[in-house]
Amino acid sequence: MRVVVSIGGSVLAPDLDPDRVAAYAEAIERLAADGCEVGVVVGGGGVAREYIETARELGANEVELDQLGIGTTRLNARLLIAALAGGANLSPATGYDEAAAALRRGEVSVMGGVTPGQTTDAVAAAFAESVDADLLVYATSANGVYDADPNVDDDATQFGSMSPAELVDIVLPMSRNAGASAPVDLLAAKLIDRAGIRSIVLDGTNPEVVVDAVLRGDHTGTDVIPTGSEEPIYWTGSSDA
């Protein structure tokens, strides 16, 4: 099974804790050992935001801020590559062809941001589409997709499952509200809808949750299920992991 895992920077390295990065590397290694082809996209998290806020105060324009954010995602990606100890590409892929080539070599393919104006949410969706991934997992700091921002609405209700089109409908109004926090960004949702990518949005604070979700479909997040989508092979009983 080919899977792309998007790990938020605030999930992987909220405080540059080496034990946390190592735990994520171990989880990814378990997926690879079980026969998965694994691509990983790493976000910038709080570190990126701090750099961006500082650079904005210094007068940097939006493209410069985006480039700074991309650089931070690649630093986080390098941390993960170091923890994977030779099982991944030597340096973060800077484009989709390079990332796909690493998969073809049998490596864990790790990348950060790619293009100014595009979040790592969207990068992960585009990467998954480009390699025809069976599954896309967003390991975030939120436990799935809600009908409203749970950070500001105590009555927000979580979806157990939804279609990609429904994901777009949920994310669209959040993308227009500067105070709202969408589970994935709008471009990512549209790419998932366009490509019909089976996806999961979950709380990735514990890396073991990602392993359970990929190998067994066992999680408490939200399944994004395209029409006619088949369950990944591991969920149909071909693996006892």
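Cβ atoms here come from the backbone N, Cα and C positions, even for glycine.
Among G44, G87, G144, the residue that Swiss-Prot places alongside D66, V114, T115, P116, G117, Q118, T119, T120 at the UMP binding site is G44. D149 (ATP binding site) and T120 (UMP binding site) have their C-alpha atoms 20 Å apart, to the nearest angstrom. For the binding-site residues shown (S10, Q118, T120, T140), fewest C-beta neighbours within 10 angstroms: Q118.
Cβ-based crowding with a 10 Å cutoff singles out G9 as the top-ranked of the binding-site residues G9, P116. Of the recorded residues, G9 (ATP binding site) and T120 (UMP binding site) place their C-alpha atoms 10 Å from one another. Sequence-distant contacts of G45 (ATP binding site), defined by Cβ-Cβ distance under 8 angstroms and a gap of at least six in the same chain, are G8, G9, S10, V11, L12, A13, P14, N76.
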